[in-house]
Amino acid sequence: MASHDRFRVFGGSPLRGEVTISGAKNSVLKLMAASLLATGKTTITNVPDIADVDIMADLLTRLGCTVIRSQSQVSIDVPQTPGHRADYDLVRKMRASINVLGPLVARVGEAEVALPGGDAIGSRGLDFHIKGLEALGAKAHIEHGYVVAEAPHGLTGAVIDLDFPSVGATENIMTAAVLAKGVTTIDNAAREPDLVDLGEFLISMGANIQGLGSPTITITGVNELKPTTHATIPDRIITGTWAFAAAMTRGDITIHGARAEHLELPLEKLASAGAIVTTTADGIRVRMDVRPQAIDVATLPYPGFPTDLLPMVIALNSIADGHSLVTENVFESRFMFVNELSRLGAQISVDGHHASIEGVPELSGAPVEAHDIRAGAGLILAALVSDGESTIDQAFHVDRGYPNFAEQLQSLGAKVTRE
Ligand code: UD1
């Protein structure tokens with residue numbers, strides 16, 4: 001991983017032009033992990049060209065799968081009996097590795113998955129994942145830095161009420177319950193579009209799932225699933241990033257392949273900041289001619305405002321007209337990136353999970369560092385509206401979520417290089 005790579009940005013250019021949205025990172029990784037549920041070759045299309053897809057491919061290869069990646073497609077040939085251990089050297093690079101847990105317990109009857117690392121955005125427990133698998137009859141514990149789960153005689157359906165609609169826990173429970181005996185009900189389930197995509201993928205493999213996109217998901221277990229072919233949904237967080245970029249730089253971006261219905265609240269917020277948001281035949285267009293008005297935002301599980309767009313909304317508010325309050329309700333350490341944004345001259349004070357922001361007319365370029373994917377993207381947006389030059393170190397974080405970001409920014413008229 002080239003951690004010395006950085007983006008160099010000269011601020012001041014409005015972003016104008018067209019982009020096309022690729023498949024969602026937070027969907028494709030889960031689809032790849034869930035392919036473990038069926039022997040044979042599953043093909044996933046609309047796969048984004050991001051580093052995390054390679055990490056998941058390595059993980060599946062180590063579990064005995066043959067993974068072939070070509071252009072925007074990945075095929076995964078799953079053996080009759082996959083391995084059951086996901087080692088720390090791979091899992092530490094990517095939180096989504098934990099998504100092999102549910103499929104392995106269901107399919108192989110045992111799983112050992114290293115406790116994940118992932119982004120520096122706060123403690124990300126696994127208690128809901130573990131409790132959920134235990135409710136389905138698995139024996140699970142943590143040992144030597146690994147989650148060890150066993151169900152040698154298979155899983156049995158259960159009623160599971162999540163304390164918080166965790167995306168990852170809902171996914172692991174759902175991908176285990178599809179092969180359990182009987183009916184599983186997940187109450188207070190996550191409703192994110194990525195999770196719905198995973199559910200539809202499982203249905204195309206032969207799973208019986210009702211209630212996707214609602215707080216109650218009902219899964220009736222089947223004996224066996226079959227390999228499938230499935231297209232990944234477009235990435236709503238990248239879509240949102242371009243929408244905020246258009247508004248902040250007072251530009252005009254047409255975003256092809258975007259699904260406006262997955263971003264209702266962020267687009268409403270942008271409209272209240274003064275942006276002109278319109279839907280097009282195959283996506284959305286966001287334009288802005290004036291300085292944005294400050295907007296108050298509180299992040300919440302879907303359909304609330306996505307926590308992954310928090311850095312973008314703080315970056316916008318930093319140069320907006322007026323004062324704003326931004327509240328983070330999902331990950332406690334997201335605000336780490338505020339220190340970096342302050343280096344660009346943003347006026348922000350943080351108190352617990354609230355950030356109070358006083359907009360300034362312009363930021364001032366400086367060297368900063370990305371600590372996670374979305375913070376990196378937010379800092380690049382802020383650098384685009386900063387006077388002079390900024391460098392954003394630790395570019396590899398951004399590569400994990402944004403395919404060809406520098407090239408796409410250049411095509412929209414930004415002065416950005418990657419070095
Ligand atoms: C996923 C996304 C991430 C997004 C997040 C919320 C992927 C790879 N990542 O992360 O980009 O920001 O959803 O939309 O898809 N929690 C517990 N115990 C658990 C599980 C979660 O306490 O067992 C807590 C977490 O610490 C966090 C909150 O619940 O505070 C939400 O986490 P969760 O929804 O599980 O997020 P991820 O699936 O990790």
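Just so you know, glycine gets a Cβ as well, placed from its N, Cα and C.
Remember, TrEMBL labels are computer predictions, not curated facts.
What TrEMBL lists as active site, proton donor is Asp119.
Taken from TrEMBL, the feature phosphoenolpyruvate binding site applies to Lys25, Asn26. Within 10 Å of the C-beta of Asn26 (phosphoenolpyruvate binding site) there are 24 other C-beta atoms, taking all protein chains into account.
Within 10 Å of the C-beta of Val330 (UDP-N-acetyl-alpha-D-glucosamine binding site) we count 20 further C-beta atoms, all protein chains included. The annotation UDP-N-acetyl-alpha-D-glucosamine binding site is assigned in TrEMBL to Arg95, Asp308, Val330.
Under the heading domain 'Enolpyruvate transferase', TrEMBL lists 11-409.
Taking every protein chain shown into account, Lys25, Arg95 are the binding-site residues, and of these the Cβ with the most other Cβ atoms within 10 Å belongs to Lys25. Cβ neighbours of Asp308 (UDP-N-acetyl-alpha-D-glucosamine binding site) (same chain, under 8 Å, six or more residues apart in sequence): Ile237, Gly240, Arg374. Across all of the domain 'Enolpyruvate transferase' (11-409), the predicted model scores a mean pLDDT of 95. Reduced to three states, the DSSP call for Asn26 (phosphoenolpyruvate binding site) is helix.
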